[in-house]
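Take a look at the structure below.
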Amino acid sequence: MSSSTSVGTDEHPAVVLTGITKRFPGVVANSDVHLTVRRGEVHALCGENGAGKSTLMKILYGMQPPDEGTIEVNGEQVRFRTPSDAIKAGIGMVHQHFMLADNLTVQENVVLGAEALHGIGKKARARIIELSGRTGLNVDPGVLVEQLGVADRQRVEILKVLYRGAKVIILDEPTAVLVPQEVNELFDTVRGMQEQGYTFLFISHKLDEVRAIADSVTVIRRGTTVGSADPKTVSSRQLAEMMVGSELPSPETRESTVTDKVMLDVRGLTLKTPDGSRAILEDVDLVVRSGEVVGIAGVEGNGQTELVETIMGMRKAGSGTITLLDKDLTKLGTLGRREAGIGYIPEDRHRHGLLLTQPLWYNRILGYQTRKPTAKGIWLDTDGAKKDTERIVADFDVRTPGIDVPAAALSGGNQQKLVVGRELSGDPVLLIASHPTRGVDVGAQALIWDEIKRARAAGLAVLLISADLDELIGLSDTIKVMLRGRLVADADPSTVTPEDLGSAMTGAGSTSAAVQETAVVEEGEN
Amino acid sequence: MGHLRGKLLPPALAIVFSLLLCGVALIISGANPLSAFGAMVSQVGKGTTAVDILNSTGIYYIAALAVAIGFQMNLFNIGVEGQYRVAAVVAAVVGGSIALPTGIHTLVIIIAAAVAGAAWAAIPAILKVTRGVNEVISTIMMNGLAIGLSAYLIRRDVFGELRGNNIRTAEIPESGWMPGISFAGGGTVFGFIFVAIALGVGYWIMMNKTRFGFELRASGESSTAASAGGVNAKKMILVSMLLSGAIAGLISLPELLGRDHTFSLNFTAGIGFSGIAIALLGRNHPGGIAFGALLWAFLDKSGLALDNVGVPREIVTIMQGSIVLSVVVAYEVVRRFELASEQRRVGRELGTVGGAA
């Protein structure tokens, strides 16, 4: 195969998808999708969550067969039955969630499943070292993967597909797990490899990134390709409107509604690992006032989940106090804290928010089994629950044929709207929202943002945890940065940029006046 | 309507399937399946069979309810067997050693049985809540201990007395009995059957209308969602195990209060295990369990009739086993099918495209 750096039109394109259609029970995930990827380019595929990007890539990677349509690679029509067929044709995929064995070395992870190529010994090692250079991975192949950071793990994933001979590399939301600085490094790697003749299919819904890296863009909406654009000339807003097909929502809340009435007051909160060896949360102080949204920024795994679950009483704090409206919650269980007025949008609605096989109205009762309108004393009030579920379905635009369908039958965005509607009922004084718009479509996202803003204007205190820095900056009145179980810095959302926050989140120290460090970071790099 | 079909179709298919399976087994063993099935059906009209079936249906019903309470929150109470054995001895000893007015005496015996069953179940419950011991292991071990304990309690130097070849506890005086409904020549229906029916109604109300039932079902469906919704998992384990044990304690009472009036070596064992199968068969639903218990009792009694026409009675065991297996499989198949069709229906009514990425 010749590798050309020029984007030739006389040659066959690297990949052509024609008329791809894929149906699942209840939905058409892809319908009549057309996509042409020229050799040596970075081609971005944009679309909202649930638009059908991942399904399309699974089809291209041989994980699912299309119901209709054809796939051409280098001008030849191919039919992939399994991913190994796709790999043979030179297509490799780097999944959004890494598929690496932490307790194996880099070399073992790369060679695993491809032992036939260069064995498992010196030859394999030499090949890996040769390829590492191309991905910018500067570690010895004998290092355990568990010792690598997120960016290096991603390089190992890219290395894996290169080792298997991929010329076309699918990157599925590669930046979702990276902080801004790491994103830039990834892009440098991608450009370097592009010059060596590799072709990239870059899946993302982050439009600034798409415009920064892609040579051409194809937009997918509601399962079908709606058009292509030149990233050099198109604006993010135009791209976004192609994705959404309508006017864009914005998370921004400009007028401040912050009062000086303290709703949640957390002092000295400490949580240890079950064996008591390490602190997950260390001496956390946090105040949320009426009408205020306090956002917590942090790379995942730095204690945000645990902070929320400790405030909710699902984990038992080692020390510290939690006060809500002058009422001491420290000794109460989860139910007592909910009754005191905390609404809780959990980060994983399937694990923590819903009873999936139960009808919607039954889900309305969860967390409210002791209160009106879903209960009277020890008795459930099923009529009240049903009536109130109808209200949520109407007010929060939950798209469902009725309240008797099981929660699992709804799409992610509609499930989330139901959860948000439930947690905002019963006049809560504090809402804890963990990644409230994760995995939902833009329409649901706008509605959820609006509802949070409306409740805030009415005096609700909100504690917001989000990995989406734009959401965090747009919604919050105050941002606190969490690193290794501590709140280490405050940021002013009116002036801070995602890059500043990214630096603070990795503990690299801040160069911006918008981020004020509040605690000395141990083992800090700066 | 489709809802009802989804509930009734699987057991019907399962029964047909297991009839076919047993038919094949009968043909292989050289018997005529038609005459065997004929004998099973015609036995019902003879002698006391119909009443016997009704009586053991009631007993099985209580056992299955006890198991079902645990099942509702994914607790596998294998220990119903041991719980009702211990409760039977305690109830017999208490009933035989006190003298109280009619009615009150019976009530005291019932309470003693429930408390004893709950106490025996409390041990694995506490172990699970405090130490994380798996209830399957601990309740099986408690079953072994229950046999030893009951044997000890009816020793002659403890609470037992020798009657002919049989060792038993002191007989409960007549004030502690529970009268039944007598059919001349057709046997006597245990009065406790009505308590069993009341338990079924109470179980339905508890599961569907109360906060406790909601918390039980939520815990069973998703323990993580339940805990985020404020359900205290440890409390639920403790309470549901105690409740399960208390109901298990009542299993032996129809016979004890209505016929035997004493705990002896002739004690009917194994009902706790049948209860597990019947709870599975009835999908933890009080109506389903009633049907399952009736079927189980009918098949049990068929063994005798089959012996009379020269067919090995073990065929009944094959039939019971194959029904349970095929019901479990059939429900799972139907459940998946229904969820998929529900998602299709929602998709169709909303006309959505996408969302499956």
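One is the number of the first residue shown, and numbering goes on along the chain from there.
Glycine residues also receive a Cβ, built from the backbone N, Cα and C atoms like all the rest.
Curation plays no part in TrEMBL annotations; they are all automatic predictions.
Listed in TrEMBL:
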TRANSMEM  B:12-31  transmembrane segment
TRANSMEM  B:58-77  transmembrane segment
TRANSMEM  B:84-101  transmembrane segment
TRANSMEM  B:107-127  transmembrane segment
TRANSMEM  B:136-154  transmembrane segment
TRANSMEM  B:183-206  transmembrane segment
TRANSMEM  B:237-257  transmembrane segment
TRANSMEM  B:263-282  transmembrane segment
| task | Please check if the transmembrane segment (B:183-206) comes into contact with the transmembrane segment (B:58-77), where contact means 3 or more CB pairs closer than 8 Å and the residues in each pair are separated by 6 or more positions. | result | yes
| Excluding the flanking five residues on each side, which residues at least 6 beyond the ends of the transmembrane segment (B:58-77) place their CB within less than 8 Å of a CB in that stretch? | 83-84, 121, 135-136, 139, 190, 192-193, 196, 199-200, 203, 207, 216-217, 219-220, 223, 236-237, 240-241, 243-245, 247-248, 250-251, 254-255, 268, 271-272, 274-276, 278-280, 282, 284, 286, 289-290, 292-293, 296-297
| note | Most Cβ pairs under 8 Å to the transmembrane segment (B:107-127), of B:84-101, B:136-154, B:237-257, B:263-282, goes to B:237-257
| message | Are the transmembrane segment (B:136-154) and the transmembrane segment (B:237-257) close enough to be called in contact, which here means at least 3 C-beta pairs under 8 A that are separated by 6 or more residues? | response | no
| task | Please give the sequence-distant neighbours of the transmembrane segment (B:84-101): residues at least 6 beyond its ends with Cβ less than 8 Å from one of its Cβ atoms. | result | 63, 66, 108-110, 112-117, 120, 146-147, 149-150, 153-154, 159, 169-173, 175-176, 248-253, 256, 261-263, 267, 269, 271-272
| remark: Beyond a gap of at least 6 residues from its ends, the CB atoms lying under 8 Å from the transmembrane segment (B:237-257) belong to 55, 58-59, 62-63, 65-67, 69-70, 72-73, 75, 77, 79-80, 83-88, 91-92, 95, 106, 109-110, 113-122, 124-126, 128-129, 135, 172, 176-178, 190-193, 195-196, 199, 212, 216, 263, 267-268, 271-272, 275
